[in-house]
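S.K.: Got a structure for you, questions after.
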Amino acid sequence: TALFLAMHYTSDIATAFSSVAHICRDVNYGWLIRNMHANGASFLFICIYLHIGRGLYYGSYLYKETWNIGVILLLLTMM
């Protein structure tokens, strides 16, 4: 869905809001693509947080190198 949204989105500060309105109003099923993208991203982060919780529960934080790599990947995902 991100590729379809990127085809119509402009990141310029003056036109960003109007490009989102254009996606929702003028693109065929643009509102659906935007909602699917938002829900998919939310589901991805829920899965990531569950994975972190699983690691905490099973004591994986004791493996320092693995845990630090996971934290770096989490921060990169959030950027």
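Cβ atoms here come from the backbone N, Cα and C positions, even for glycine.
When I checked Swiss-Prot for this same protein, it listed these features:
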TRANSMEM  1-7  transmembrane segment
TRANSMEM  31-52  transmembrane segment
BINDING   His37  heme b b562 binding site
BINDING   His51  heme b b566 binding site
TRANSMEM  67-79  transmembrane segment
S.K.: Which sequence-distant residues neighbour the transmembrane segment (1-7)? Criterion: at least 6 residues beyond either end, Cβ under 8 Å.
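M.R.: Result: 23, 33-34, 36-37, 40.
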S.K.: Relative to the Cβ of His37 (heme b b562 binding site), which residues of the same chain, six or more apart in sequence, are found under 8 Å away?
M.R.: Thr1, Ala2, Leu5
S.K.: Including all protein chains displayed, how many Cβ atoms other than that of the residue listed as 'heme b b566 binding site' lie within 10 Å of its Cβ?
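M.R.: Taking all protein chains shown, the residue listed as 'heme b b566 binding site' has 13 Cβ neighbours within 10 Å.
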